[in-house]
């Protein structure tokens, strides 16, 4: 691929990644403001145009009044209040459409112009398919709160968020494959140091770094899933103290074995797991970050410091979110923090894959 195509594709992937990150943020706002069930229909094309006239708004409001959320929770809501939550959900859906178009259309153009390698076609086709599935997944999630209960199914919410994170992950990975920022830097450093050989010890160290980094990425995905389950269950609104849950570190519901441990729909259990699994991952990340810093290789040392700082901020925002009964700003910062930590480890993965170039 020539340099102009690399630059164009890089800009496209950066814009797509930033849009997806914004989508995750707006999705968090939608959840925290309880606006997700304000639009009770899914019209991918005609839904682009919002209500304009008073008649349009009355029609939308009448549709909403037939929903479980209105009948069981918001039956005193005014049309002005309805407009507020409607526009939050509308912006979320509109941004989803824009993000989908920005990802899919350029891919089709690149494919038509034969600017992609075979492997790139497969990877970008996968991303395109995931984006389309995500649109259906969003409606599948919303639909769960429009029938009998005025609540979105928390497992579907977790699936919706995880799919967004997977797409984000794939976009970052594709961007790093194309521009190879760390590899270029390390090649230059390697040539300057006249390094002509790679020892067995270096290869073994590289393998350990790659394996542990992949384990951390998997654990981060798992923790993000638990965070989504906590959000979907409103489990952050119980036991709002730290480190105890009630009178002890382990809540009485668990001590009394009154929880069905095969289920993911118990508020107490989900909050307990999200708390302490998060602490466990944070300790692991800090240890790994210290290791990267001790290795004293410039690219790794910097990323190790970034990872350590981010995880300390993440623990702090998590505790603030819990203790202060889920304030929107703290909760959003906590959600974005998880994505930034994941991004950091995707960058670290790119570095350690070319670790021998540092020697």
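Placement of Cβ uses the backbone N, Cα and C atoms for every residue, glycine included.
Here is what Swiss-Prot records for this protein:
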TRANSMEM  8-28  transmembrane segment
TRANSMEM  94-114  transmembrane segment
TRANSMEM  124-144  transmembrane segment
TRANSMEM  159-179  transmembrane segment
TRANSMEM  215-235  transmembrane segment
BINDING   274, 334  heme binding site
TRANSMEM  276-296  transmembrane segment
TRANSMEM  303-323  transmembrane segment
TRANSMEM  328-348  transmembrane segment
Please work out which recorded stretch in 94-114, 215-235, 276-296, 303-323, 328-348 has the most C-beta pairs separated by under 8 angstroms from the transmembrane segment (8-28)?
94-114
Under 8 Å by Cβ from residue 334 (heme binding site), counting only residues of that chain that are 6 or more apart:
227, 314, 317, 318, 321
In the three-state scheme derived from DSSP, which category covers residue 274 (heme binding site)?
helix
Chain residues in Cβ proximity to the transmembrane segment (276-296) (below 8 Å; excluding those fewer than six residues from its ends, i.e. six or more beyond):
212-213, 216, 219-220, 222-223, 226, 303-305, 307-308, 311-312, 314-315, 318, 341, 348
Beyond the flanks of the transmembrane segment (215-235) by 6 or more, those residues with Cβ under 8 Å of it:
31, 152-155, 157-158, 160-162, 165, 264-268, 270-271, 273-274, 277-278, 281, 284-285, 288, 331, 334-335, 338, 341-342, 345-346, 349
Counting every protein chain present, what is the number of Cβ atoms, excluding its own, within 10 Å of the Cβ of residue 274 (heme binding site)?
23
